[in-house]
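This report refers to the structure that appears directly beneath it.
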């Protein structure tokens, strides 16, 4: 290929061969004017290397090298007047090869990107291609969010006029660019981010800047769509970018100023920002291309391709043209040194006689530019001057370089200068040099971009990037053999003020490039542009000569013509021209001698060639002569070879034709034979086909008939089966109807029978009860010594009756007052109506005559006005019609334009707004529901704890009542009775206990009392005692019957007495049978009760059955209690009868039996026993207690009714006053206003009623959920208790068996479990919970008791002992409750047990085996998980206990802080001297403290909160809970302070506002110092902050009112008005708030839907959340200290 005409592949091949042969790095320098084809030439060179070299690995690096070209062209090329695809930057592509000459990677360096093209394009030019490509693809769905339109709509792409290039499709090029990005490994997300940044630059160019104040300052409209799009695409704050686009910051040594900018300054700053963004993006893309082209393979050598801008000269040349021409000067110098100097040096080295030729050296021009105090140095020096200008710099150039031959000053300009380059003179205009050299971008704008929420945008502007792209790239592109370093050490950048200028960076990168080129072997490609009009097939000779002269080709030709342009090494010359050597000369081994003899024989003139040491040099044309001789030699040999070969070919052709003819004959004969055979075969096949076809047709006919028959049969059978099915279905339905009717009739009959039986039972029982009551009354009357005891009860009854009478009288008086008030109200309303009617009549009668006269005058004037009006209307209608036509046309056009604009805007905005609104609404709704549910649940827990406390208090009161003497039986009496009597008595106190239990059902709540175990135990005890009584009575009756049967024969004389005894015995036996039946009934009821409880526990998931089951339980309990009362009375009667029978028997044995004693009442005064009297006394006491309880209940109900009536009267009185006020106000208003006011009042009333009903419904729902949960818990407890008893029996039997055998186990490592005996459980709870103090565990692992308890639980789980787990957890929870109840005001103890309870809860979750809680566990921790039990319910109980402890902790902390708040926040002078002037007319409010000197300050609150924080942190409380604690405390501080501020007039002043602001700032500083600012505590202080600001704001003008309304968003309308009413000026310079200002505030705040509550609820408690916080400790690593006295625990 090197022997052909000049071609780009030939240069590339030469460089590749030299690299492979000499193992030296190569460079290809492509130069030429803009549009000459430099970029295409470099692209072809890289394509050659990619094809020849291939890839050294499977990464397809050669494809990536070629794929980088479309990207670089899109972001770095643009249309100019000279070239449609002009590269506006220089690049050096370094392709690396390994030892086998395969491509290992590539690296790209760029030089001097033309950033000014981003914001400005000349006529008939374009911006960079990527902008137009992105606009062409704006319709794609993935680019809808870019908000792009066509390129003509953007300022940065439409300055050059035409935005299209003929023959170029921007959309297709953009698709190629995206494919190249994908091939280079750029992710889709990064591509979208790149396109967003490019689109944001276009939007930035369209931002409209408006001048204000005579051009001194500017502003940007907040509704600017392009600015909104710019901020959205880059992810920056809109307000900050809007501010810093029009302002700049000036930093001095002492202060920082924010200064406004003029319109031109703002435009320049905006353009600078756009250029900087694009330059940073360009560098980022180049860097990522280099990363994609980099491979880990070692690079052996490289070939560099330099595609750099050519020499440029325009009508107006600026800083970019100066740098481009400076680079061309350096490249021309390198070319001169390589071509001219090295040419002459080679002649001297080869010892050829040669005369030196002078050539042009451009070193003086380079020194003028880059030497000390040259053009670039003076430019950098002027940039450092604070007020340097382009004119001053130009003047310095005139003064310094006026004597240089390469520098000239134009005649007609003082701001331009001329540099004489090697190619031409170029005049540069100094305007803009300083600004472009500084490349200034305001730091505030860069900081905004650094804070972008998009990572790519933030990464573009990090400070750790290198100052110049070439410097960073030089380290990557250096080969393994050449160490390239800068000739001058780089300056150390001290700060941002001394960053390197663009000129300095370009000069440094250019030096590095020259060092790289000098270290390699260069190859040159000179691109010549045929014409300037971009026309095809048109050659301009003058322009070609100009370009040849500019690139030094003519000078090279001149040297070549004067010397020896062609040269051959002896070896190469011999190999090529050996065909010209004679055979006898080839025998010589010396090739140099052979070459001498051949040349001397072929070329006669010895001056045409010279022999050097290693090469032969030829004059121009001699090599061509030798080539002609060589070609002639080859031509003669070729003719001889052709003659011989053609003869041989003809012979071969004849033989081939003969063989072909024989073959054709053979194949033709075979074809004829095969045709005959085929005909015979086809005839036979036709016969077979006919046979098969006829057979198939017959078969198809048969199958068709068969299918029709089968179908008819199927339909017929289906019809019959459907009829049969319908008949069966009707019979089945009739059977169902009969079944339901018969069942209904049977149920009705059963219900009627059951109802009749119940009625009979009730009647019989009522009869028996009346008989027993009559007997009891008679028995009670017979005891005369009990009358004195009843005197006190009668007095109490009389007193209660008097109280009832007094309360009835008060009720009557109150009702009379209420009726009087209502009557007066109606009378006043009627009077006001009459006065209003009278007033209207009086005014109407006097003015009627006057109104008629005025009416006639007005009619005359109206007629005149009508006549004039008609004339004017005629003229007006004509003009109006014409104007309407014009306006209609304009409105139609305007409407069309508006519709199009609105459609586009709506399409863009609606999608984003809808998505954002939906997401935000869903999130807010979910958060609100979660918070409400959490608060409801925690309120239930709080209510449960309160009810539990009340239950404990009631139990304590019951124990006290049992111990104190009263209406119940004396313990002494009871013991004496039990000792004296032979029969066990029924204790009345126990019956009272059951009554108290039933009363407890009504007090505490349905579920808790329904499932209370004490009631069941008492019932069981009562049934057992009744059975014992029954058995004993039965035994005694049997004894009496035996004795009486023996004495029947002996005592025949006493028949009357025997008859009476038989009747008594019959009566007693009948009662005994009834008692037995009733006992059986009670047992059955108890069994049914247990079954109902068990069924309810089994069906605890169905919540709708809970009220029915509860009612069943409660009814059964009440019935059981009533039955116990009846049985008790029957037993008493039976015992009295037995005793009386004994007495009669004893009396019958006496000699003189008394008939009156037998016939009198057994419990009369004559025969009253002490025991019987006491029994009767207790019966009377019981009835008295019942009467007293009834009277007390009636009195309480009466008092409640009276209080309710009083409250109603007060409410009616307030309502009456309010209605009177509103009535007076409505009289002053117009009728329409009255109607509107009435509607508004009605709406407010209805809303209040609706809110009250909602609160009532919520309370009922809360109670319902609470009762359901309690019912489930207690049913579970009953079930667990029964199961525990069964397990205890089986365990006892198992222990008895296990005691006989002892098994020895081997010692193992500690597995994180602790074993204890059942009897040591109480000791464990006492040492670890009840008696434990937090100080004893100082220095140990936090939450150590929780870990110990879990290890004990784990051992119980390990041995599968659910009773032990249940007992331990129950004892632990009860112990913790007992400790907290005992230390209910100890913050340290409460915090200690809150942390331990939470840790135990976390341990139960972490080791529960649930995968959701085991994500952070180690393998060792997973071994410590529970294996047998699911403790989910206990986790819920512990969670509830944690909530209770948290609430107690908050209560203690609030109790400590609340006395300090008012004094510290409002009264104490935190800023000395500020409140020295007190409000006049008010005395100083006394402090809440007893001693005024001991008032609290803010430091006291901070110290207290420090102690709280220290205690919670030391005890290992979760950080999330600590944050919630301080959020609650700060809310309490806010509420208490604000409430006092709203109630005290002496603190509503400007100084108090200042004190509050200072105190709040101190609290916020404390939060930040403790890293608690994320708790949301500051947000809870927002009302107090706004109140302090309200005290400090101006309160005069409507603008002040608007400011207050917009500021005080957390304060309600009532609170704002209250503070303004209470505001008190400190001195005469201030004024009070006027009433008009307050009314203005009220009018503006009228639309707010604020709550009617003035004061904040400082007792409000936020719902607490306990997030899961697993522990990193393993159980086997925990050590138990000896101070806990837990030696009985054994490690397993």
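Using the three backbone atoms N, Cα and C, a Cβ is placed for every residue, glycine included.
Summarising the annotation, TrEMBL assigns ATP binding site to 32, 33, 34, 35, 36, 37, 38, 39. The coiled coil annotation in TrEMBL covers 766-817, 1016-1046, 1072-1134, 1188-1307. Per TrEMBL, the feature compositional bias 'Low complexity' maps to 468-480. Annotation comment: TrEMBL describes 971-991 as compositional bias 'Polar residues'. Per TrEMBL, the feature domain 'Myosin motor' maps to 1-631. Positions annotated as domain 'Dilute' by TrEMBL: 1370-1647. Taken from TrEMBL, the feature region 'Disordered' applies to 467-486, 962-994. Feature annotation from TrEMBL assigns region 'Actin-binding' to 510-532.
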Using a Cβ cut-off under 8 Å and a sequence separation of 6 or more, which residues in the same chain sit near residue 35 (ATP binding site)?
80, 82, 83, 86, 529, 534
Please list the DSSP helix, strand and coil residue counts for the region 'Actin-binding' (510-532).
9 helix, 7 strand, 7 coil
Using the Cβ centroid of 32, 33, 34, 35, 36, 37, 38, 39 as the reference point for the ATP site, which residues of the same chain not in that list have Cβ within 8 Å?
83, 86, 310, 527, 529
Return the residues near residue 36 (ATP binding site), defined as same-chain residues 6+ apart in sequence whose C-beta is under 8 angstroms from its C-beta, sorted by sequence, else 'none'.
310, 527, 528, 529, 547
Among the binding-site residues listed here, 34, 37, 38, 39, which has the most company in the form of other Cβ atoms within 10 Å of its Cβ?
38
Would you count the other CB atoms within 10 A of the CB of residue 32 (ATP binding site), including those on all shown protein chains?
22
Far apart in sequence but close in space: which same-chain residues, 6 or more away, have a Cβ under 8 Å from residue 33 (ATP binding site)?
82, 310, 311, 312, 527, 529, 547, 550
